[in-house]
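S.K.: Here it is, the structure, as structure tokens.
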Amino acid sequence: MSTKIHQQAVQPGISQQVSTRLAFFIAGLGMAAWAPLVPFAKARIGLNDASLGLLLLCIGIGSMLAMPLTGVLTAKWGCRAVILLAGAVLCLDLPLLVLMNTPATMAIALLVFGAAMGIIDVAMNIQAVIVEKASGRAMMSGFHGLFSVGGIVGAGGVSALLWLGLNPLTAIMATVVLMIILLLAANKNLLRGSGEPHDGPLFVFPRGWVMFIGFLCFVMFLAEGSMLDWSAVFLTTLRGMSPSQAGMGYAVFAIAMTLGRLNGDRIVNGLGRYKVLLGGSLCSAIGIIIAISIDSSMAAIIGFMLVGFGASNVVPILFTAAGNQTVMPANLAVASITTIGYAGILAGPAAIGFIAQLSSLSVAFGCVALLLLTVAASARAVTR
């Protein structure tokens with residue numbers, strides 16, 4: 001790709017900002033639409049809990065294999081082509097998640113689902129970095145907030161359609177139609193370039209400062225994964241809540257995170273990235289400390305709310321930092337930190353379970369709080 005073509009491809013404005021928001025919404029919508037279908041897949045294929053857990057690992061494997069390659073793909077083909085291709089694959093694959101009826105075919109469908117999600121995740125964040133940089137103001141939190149809103153619409157919408165009596169295939173096809181409409185709406189103003197020319201290898205191992213930012217992303221995604229997988233267990237086993245109510249912990253966390261991100265651009269533009277990164281990571285750590293140190297279910301729920309609100313704008317700031325560093329091309333850096341961060345979601349909950357088995361769940365959560373303090377300690381260096 002010539003420099004001239006490359007420069008012409010990357011001139012984002014208001015319309016590109018709207019298309020970026022649509023891309024984040026589509027990704028959240030597609031990912032969350034699968035969640036209400038999991039029980040149907042389990043019953044259709046005849047899986048027990050253990051075999052279902054192994055099968056679901058295929059999503060993570062697909063994402064981890066695809067994410068490191070996406071930075072180079074966007075450099076060669078542009079954000080637009082990669083986002084549209086991944087979105088199209090997602091639309092084709094979602095109905096297969098309802099139709100596959102053997103473990104082998106379901107594993108393949110889930111691998112493709114994970115790969116498509118991983119590719120669109122990295123590509124839309126590369127586009128977001130370029131668009132934010134061109135705007136001259138903080139926008140990343142708002143983009144990530146639209147992903148959360150898309151998740152709420154995806155999970156809630158499919159659940160509502162199933163509750164109304166539609167079969168799973170009809171419910172997911174309705175979601176796919178909405179995704180196609182939104183992809184077509186976003187199509188024209190997605191970036192045809194990637195901001196970075198690249199004629200090198202398909203994968204570049206992250207180095208130096210990018211590796212450190214990736215570690216901080218790992219910590220933040222680990223904290224998010226711990227809330228997703230362990231907050232309900234914590235509330236039932238250590239705070240005496242009934243299983244039917246224990247989901248409140250993650251629900252409060254997710255709502256606080258969504259609200260924080262939707263208001264995050266205004267907060268970051270007003271306070272600056274350093275104060276938001278420092279305050280957010282400290283808020284998350286304090287939330288966990290409150291949850292584990294006060295023997296009250298209400299205190300734990302308040303603590304989880306603080307974790308969600310505090311963490312809401314940290315990852316967007318880290319993505320901005322990856323886009324602004326000069327150690328690696330921005331597209332490769334974003335692909336690297338996304339991959340490392342995603343490993344936190346996959347490995348973190350298992351590590352928490354291992355620590356909890358050796359000591360207690362409170363100690364395991366305390367370790368997460370300590371890691372969050374390392375993010376706070378890094379705030380000045382990351383945002384300078």
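Glycine is treated like the rest: Cβ placed from N, Cα and C.
Annotations for this protein, taken from Swiss-Prot, read as follows:
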| type | residues | note |
| --- | --- | --- |
| TRANSMEM | 22-42 | transmembrane segment |
| TRANSMEM | 52-72 | transmembrane segment |
| TRANSMEM | 81-101 | transmembrane segment |
| TRANSMEM | 106-126 | transmembrane segment |
| TRANSMEM | 143-163 | transmembrane segment |
| TRANSMEM | 164-184 | transmembrane segment |
| TRANSMEM | 202-222 | transmembrane segment |
| TRANSMEM | 240-260 | transmembrane segment |
| TRANSMEM | 276-296 | transmembrane segment |
| TRANSMEM | 299-319 | transmembrane segment |
| TRANSMEM | 327-347 | transmembrane segment |
| TRANSMEM | 352-372 | transmembrane segment |
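Describe the structural surroundings of these features, if you would.
M.R.: Long-range contacts of the transmembrane segment (22-42) within the same chain: residues 52, 56, 83, 87, 90-91, 94, 97-98, 100, 106, 113, 116-117, 120-121, 123-124, 127-128, 143-144, 146-155, 157-159, 162, 168, 171-172, 175, 178-179, 182-183, 185-186, 190, each at least 6 residues beyond the stretch ends and with a Cβ under 8 Å from a Cβ of the stretch.
Residues 23, 26, 30, 33-34, 37, 40-41, 44-45, 70, 73-74, 108-110, 112-113, 115-117, 119-120, 123-124, 127, 168-169, 172-173, 175-176, 179-180, 183, 186-187, 190, 192 of the same chain lie 6 or more positions beyond the ends of the transmembrane segment (81-101) yet place their CB under 8 Å from a CB of it.
Using a Cβ-Cβ cut-off under 8 Å and counting only residues 6 or more beyond its ends in the same chain, the transmembrane segment (143-163) has close neighbours at 20-22, 24-33, 35-37, 124, 128, 132, 170-172, 174-175, 254, 257-258, 260-262, 264, 315-316.
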S.K.: Given a Cβ distance threshold of under 8 angstroms, which distant residues of the chain, six or more beyond its ends, lie next to the transmembrane segment (164-184)?
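M.R.: That would be 22, 25-26, 29-30, 33, 36-37, 40, 84, 87-88, 90-91, 94-95, 97-99, 154, 157-158.
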S.K.: Who are the long-range neighbours of the transmembrane segment (240-260) in its own chain, taking Cβ under 8 Å and residues 6 or more past its ends?
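M.R.: Here the qualifying positions are 141, 145, 148-149, 152, 224, 227-228, 231-234, 267, 297, 300-301, 304-313.
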S.K.: Are there residues at least six beyond either end of the transmembrane segment (52-72) with Cβ under 8 Å to its Cβ atoms? List them, or say none.
M.R.: 38, 41-42, 82, 103, 106-107, 110-119, 121-123, 126, 198, 200-204, 329, 331-336, 338-339, 342-343, 345-346
S.K.: State the non-local partners of the transmembrane segment (106-126) in its own chain: residues 6+ outside its ends, Cβ under 8 Å from one of its Cβ atoms.
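M.R.: Distant Cβ neighbours of the transmembrane segment (106-126) are 20, 23-24, 26-27, 30-31, 34, 41, 45, 55-56, 58-67, 69-71, 73-74, 79, 82-83, 85-87, 89-90, 93-94, 96-97, 100, 143, 194-195, 319, 330-331, 334-335, 338-339, 342.
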